[in-house]
Each structure stands twice: as C-alpha cells, then as structure tokens.
Amino acid sequence: MRAHYRDEGLSEKDLAPDPFAQFALWFAQATASGLHEPNAMVCSTADEQGRPSSRTVLLKRYDERGFVFFTNYGSRKGREIEANPYASLLFPWHGIARQVIISGAVERTGRDETAAYFRTRPHGSQLGAWASEQSSRVASREDLDRLYAQLAERYPEGEDVPAPAQWGGYRVRPETVEFWQGRENRLHDRLRYRLAAGGNWEIERLCP
Ligand SMILES: Cc1cc2nc3c(=O)[nH]c(=O)nc-3n(C[C@H](O)[C@H](O)[C@H](O)COP(=O)(O)O)c2cc1C
C-alpha cells in the first residue's frame, strides 16, 4: 500500500475541493491499511513566550467545524491553549508514507458536546478523568491508585459518572491543512489548503 501511494503520488486534480473531504478520504485509507491507531495525532501548542510543547492525543470527531480531541483543561496543553489559542495537529502515518498537518485556532467544545462524549467512555476511563489532575505532580503511583479506588467505591460500575468541570473537548478550526505524500528520490508531494478571505480554500504546492 505504501508503494502504491508512493507510485501514484498526489496531484492537484485528484484533490477534493475542501480539506475535510480530502481528510475523510485519507483517514478511511489509513484505517483500511491496518495502521495502528490512525486517529493518534501529535498535538503541539506553545506558551505565551512561544515555547512549544507536543504530545499525542486521539482525534475523536471531525466535521466542517474542525478536529476534536478531549483532555483536561488544566493540563499543560490546556493551560497553553487558554493563553495562546492555536495548535498544530500532525498525523504520522509512516506506514503508508503519508502525513497530514493541520494548524488553526482552538476553542472549547460546548458543555453538551463534552457531556455526550463523556457518557460514551468506558466507566474506568470516566473515573480516570476524575482521578488524574493531568500534568500536575503526584507524590507516588500509590496516591493515584488510592484516589482511583475511592472514586470506584463512590461510583460503582453502572452508576452515572458526571464529566469533571476541568475535562472537555478542544476543537481545532483549520486555517491550513497540508497533505504530504512520500515519493521517490525525496521528491515528495506536498499540497496545502489555505483558508482565504471569503472562506474559500486555496490549494498550493510546496517544495518537498
Ligand atoms: C496513543 C496516545 C493517545 C493519547 N490520547 C490522549 C487524549 O486523547 N487526550 C489526552 O489528554 N491525553 C492523551 N494521551 C496522553 C498525552 O500524550 C499526554 O501525556 C497528556 O495529555 C498530558 O499532556 P500535557 O502535559 O502536555 O498536557 C495519549 C497518549 C498516547 C500515547
């Protein structure tokens, strides 16, 4: 499959008119190729001084409004986004010689959207979201396990767990989306959608 995509390349005439449709096509192909966790993406943010930080998160939904992941708003990424509401999302689909990079402004999903998604999570993950004050220091593994055990006692399996106030979704509204296709001799294809004035998507080819 990797070889197939490399031979075929990516040309302007084959691109969908907007990056959401193009992403849907590539995401379906990444999933069909058997890649492990094709929805895992590297999310980069920067603090107020412009110092970057990165971590993997899971894409949970996407549509024409943007690309959504869920996390703790008090985590490092959460604090950086609140201070500097921009992010980059990178899908490292090495196994099929592809990469997608999205960048844009970030906003919180609505509380209803967060609550609806939280209800779909396994009970243990729901408790985990309460137990973990993500990115803050914890004295020991035992402290974390003790907190989890207390929560499991309070909310036994089958009991509704509310979404913590500090936990929720972020939606990245793309301003640029680059589709990278590996080719022979390092002459890769890079086609980038850019949101132009008026809301139209312009497509530009970048040197590899
Ligand atoms: C495959 C994978 C998927 C992950 N998905 C998420 C996720 O969806 N949300 C999340 O908050 N952390 C997720 N994590 C953990 C993050 O990478 C990170 O450790 C955590 O969010 C704290 O990041 P921060 O301190 O930079 O805010 C995932 C890690 C891996 C390896």
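Using N, Cα and C of the backbone, Cβ positions are placed for all residues, glycine too.
Among the features that TrEMBL reports, FMN binding site is placed at 55-60, 70-71, 76-77, Q99, 134-135, W180, R190. Counting every protein chain shown, the number of other Cβ atoms lying within 10 Å of the Cβ of R76 (FMN binding site) is 16. For the recorded site, R76 (FMN binding site), the DSSP three-state label reads helix.
Per TrEMBL, the feature substrate binding site maps to K60, Y117, R121, S125, R186, L187, H188. The secondary structure of R121 (substrate binding site), as reduced to three states from DSSP, is coil rather than helix or strand. Using a 10 Å radius centred on the Cβ of R121 (substrate binding site) and all shown protein chains, the other Cβ atoms total 16.
Annotated domain 'Pyridoxamine 5'-phosphate oxidase N-terminal' per TrEMBL: 29-141, in sequence order. The predicted model assigns the domain 'Pyridoxamine 5'-phosphate oxidase N-terminal' (29-141) a mean pLDDT of 97.
When DSSP labels each residue, the domain 'Pyridoxine 5'-phosphate oxidase dimerisation C-terminal' (167-208) comes out as 3 helix, 27 strand, 12 coil, counted as helix, strand and coil in that order. Annotated domain 'Pyridoxine 5'-phosphate oxidase dimerisation C-terminal' per TrEMBL: 167-208, in sequence order.
Screening the binding-site residues L59, K60, R76, Q99, R186, R190 for a C-beta under 6 A from any atom of ligand 1 leaves R76.
Taking each Cβ in turn and tallying the other Cβ atoms within 10 Å, the top scorer among the binding-site residues Q99, S125, S135 is Q99. Sparsest Cβ environment among the binding-site residues V57, L59, L187 (other Cβ atoms counted within 10 Å): L187.
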